[in-house]
Amino acid sequence: AHSVSCLQSLVSKCREFPVSIFFIIINEFCERFSYYGMKAVLILYFKYFLHWEDNLATAIYHTFVALCYLTPILGAILADSWLGKFKTIVYLSIVYTIGQAVLSVGSINDLTDHDWNGTPDNLSLHIALSMIGLILIALGTGGIKPCVSAFGGDQFEDDQEEQRGTFFSLFYLAINCGSLLSTIVTPNLRAKECGIHTKQRCYPLAFGIPAILMAVALVVFIIGSKMYKKVKPQGNIMLQVCNCVGFAIVNRFQHRSKEFPKREHWLDWASEKYDKRLIAQTKMVLKVLFLYIPLPMFWALFDQQVKWKLFGLVIRAVYTLHTLRSLVIKIVNPILIVIMVPIVDSLIYPLIKKCKINFTPLRKMTVGMFLASMAFVAAALVQVQIDKTYPVFPAAGQTQIRLMNLGIFPATAQFQPQLQTVDVAPDEATGYMTFETSKLQSVHITSASVNKTEALHLLEGQRYTLAFKWNLTNINTNLISDLTSKPEEGKNLVRFINDFPYTVNVTMNYEVFGELPPFSVGNYSVVEGRKVPYLIEASWRYNRCTGRSKKFGFGSAYTISVDGCTNHTLDVTNFEDIAPNTVHMAWQIPQYFLLTCGEVVFSVTGLEFSYSQAPSNMKSVLQAGWLLAVAVGNIIVIIVAGASKLDKQWAEYVLFAALLLVVCILFAIMASFYTYVDPNEIEAQFSEEGKKKDKKAQDDNITEAEVDSRM
């Protein structure tokens with residue numbers, strides 16, 4: 001009921017919007033679909049099509065993202081100083097569309113695959129086209145970022161403040177709707193196979209659809225051209241502001257002596273050269289930019305969602321299909337944004353207003369920072385639970401080994417020289433034991449009065465299983481190398497060891513694991529997690545036996561011993577090499593919910609605040625400053641993560657949460673000293689003063705003319 005009333009309230013507000021607004025919102029939806037759709041498969045394109053190493057692919061990816069948030073400064077200068085917002089958006093959207101098209105063409109495998117072997121013959125051409133495309137995309141998307149939201153704000157009259165606030169909420173909603181749909185669509189398009197001569201992952205389609213959406217965004221925006229309210233640029237305002245600030249600093253330094261009277265504001269020292277209107281506008285901009293100083297810390301935490309998505313693959317999933325699990329993790333934030341924006345705008349804020357609480361924009365942003373900090377506390381708590389279930393692998397200078405008794409009698413093993421003695425029951429295995437590699441030399445095994453000493457030549461940092469079996473007068477042994485990392489992306493790994501006295505052919509759910517000689521072990525194969533056991537079949541000569549595996553979870557590894565056959569039923573023993581993930585994915589919901597609430601309160605408000613406190617000729621400049629905070633936030637992540645010596649992920653989350661909490665307190669203190677202004681009112685005062693001066697000058701000229709005529 002609350003959701004329905006929220007939507008009804010939102011619709012009633014939208015009826016008061018200028019018609020031009022809807023062209024801008026549709027344009028933003030299509031552009032964000034284009035950007036996030038391309039971005040969703042970009043790092044996979046680097047890794048699997050261009051065959052770059054992980055480090056290089058990650059570095060280029062983050063460089064591209066940083067460039068996308070640095071170029072808004074260029075777009076803001078063009079819009080406010082030269083072309084105006086409308087022309088800047090149109091021209092840079094054309095550049096953007098060309099960039100998407102070039103990237104799509106560069107991903108066509110058949111472009112240089114002249115020998116039809118499925119591999120590009122001239123990879124350098126594909127790299128060159130891809131880089132050109134990405135540079136054009138960065139210029140386009142970054143250049144229009146500060147202009148579109150500010151251009152939308154320009155469409156409202158001065159007395160439509162409430163409608164303008166609703167517009168910024170809808171604008172943010174359009175961003176996340178585009179992100180949500182593209183994150184679902186483009187990875188699925190990439191998963192398809194396409195090509196003229198050989199079938200490959202369909203990157204041309206995955207990049208081509210975003211290119212088409214960007215072209216649609218451009219066309220929709222141009223269609224609304226005659227309906228837009230277009231504010232003309234007022235010269236190179238950025239240069240004027242910089243010159244004004246520079247002159248004020250130099251002039252103040254030159255008049256630092258006490259004999260010169262102090263002035264109300266340090267920028268007033270520019271009054272000898274610059275008019276009061278420009279000085280007042282510069283004061284407004286610098287006051288807001290000063291408040292922006294702590295903001296990058298929020299975006300530093302927000303961008304850590306990448307790590308949340310990664311450890312989302314380490315926890316137990318809700319769905320049986322891995323693709324669905326990955327998809328759910330990727331779209332949680334956009335889904336929550338789509339739900340929360342109308343609820344916060346039409347329900348939460350009105351309720352707070354009815355309680356007569358003065359919930360100013362800066363207070364909203366402070367609350368958003370606090371919620372983001374708490375989200376990372378929640379993430380740290382979940383990570384602690386994950387770490388409890390995560391296997392401990394050998395460190396440098398160490399080796400881990402376990403014993404697996406496949407015989408019918410219990411056994412006792414002593415690691416030499418006199419390190420440790422363990423008992424092993426039949427058809428059971430010990431846990432992994434950790435030893436210093438240099439000290440472990442051999443193991444002495446005793447089972448049913450039969451002894452054997454097995455020399456151990458082990459490598460540092462490795463895991464081993466020593467499988468053994470009593471055999472009348474001897475003990476057969478097999479030293480097996482084990483995994484030293486948990487299976488990626490929640491996958492399971494399974495291998496078989498043959499406990500039959502003859503060679504058997506093993507299949508599981510009709511997937512062939514190959515022939516296994518007696519007491520030999522096969523290689524690991526990937527097995528999907530599922531709620532029902534797998535069918536295992538062992539065949540030899542003219543015999544066949546079937547049995548059932550255990551139910552596999554996610555992220556586990558097993559060695560399955562094929563022991564015997566009783567009435568055509570296969571006897572198997574499951575040995576757990578790596579335990580499955582046990583923390584449920586639903587435990588991530590609280591942290592996503594807190595971060596999303598923080599984002600809605602912080603980011604939407606920040607966009608509106610940046611617009612409302614900016615002078616008419618510097619709207620895009622402040623929007624660019626807001627976006628620049630995102631780029632600085634990414635740089636903070638790199639610096640903090642690089643400087644941090646923390647080896648635990650939860651500790652890094654706590655570190656970031658503590659940093660944001662400190663920044664939140666600092667921001668709250670800074671915000672308490674901020675005085676809200678109405679740029680239109682201030683500019684109107686200067687306009688009125690200017691008109692009076694002009695009228696006075698005209699009167700003076702008329703008087704002089706009358707005097708001259710009388711003479």
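Glycine residues also receive a Cβ, built from the backbone N, Cα and C atoms like all the rest.
A quick note: this is a predicted structure, and the numbers were derived from the prediction, not measured.
The following features are taken from TrEMBL:
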TRANSMEM  56-77  transmembrane segment
TRANSMEM  89-108  transmembrane segment
TRANSMEM  123-144  transmembrane segment
TRANSMEM  165-185  transmembrane segment
TRANSMEM  205-224  transmembrane segment
TRANSMEM  284-302  transmembrane segment
TRANSMEM  331-352  transmembrane segment
TRANSMEM  364-384  transmembrane segment
TRANSMEM  621-641  transmembrane segment
TRANSMEM  653-677  transmembrane segment
REGION    688-711  region 'Disordered'
COMPBIAS  688-699  compositional bias 'Basic and acidic residues'
COMPBIAS  701-711  compositional bias 'Acidic residues'
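As a quick check, the transmembrane segment (621-641) and the transmembrane segment (165-185) miss the bar of 3 or more Cβ pairs under 8 A, pairs 6 or more apart, so the two do not touch. 653-677 is the stretch from 56-77, 331-352, 364-384, 653-677 with the greatest number of Cβ pairs below 8 Å to the transmembrane segment (284-302). Nonlocal intrachain contacts for the transmembrane segment (56-77), taken as residues 6+ away from its ends with a CB within less than 8 angstroms of a stretch CB, comprise 35, 39, 42-43, 46-47, 50, 88, 92, 134-135, 137-139, 141-147, 236, 238, 620-621, 623-624, 627-628, 630-631, 634-635, 638. Most Cβ pairs under 8 A with the transmembrane segment (331-352) among the ranges 89-108, 123-144, 165-185, 653-677 are made by 165-185. Distant neighbours of the transmembrane segment (123-144): 31, 35, 38, 45, 49-51, 64, 67-72, 74-75, 78, 88-89, 92-107, 111-112, 627; these residues of the same chain sit at least 6 beyond its ends, with a Cβ under 8 Å from one of its Cβ atoms. Residues 31, 34, 38, 45, 49, 75, 78-79, 83, 125-130, 132-141, 143-144, 147-148, 151, 203-204, 206-208, 210-211, 214-215, 217-218, 221-222 of the same chain lie 6 or more positions beyond the ends of the transmembrane segment (89-108) yet place their CB under 8 Å from a CB of it.
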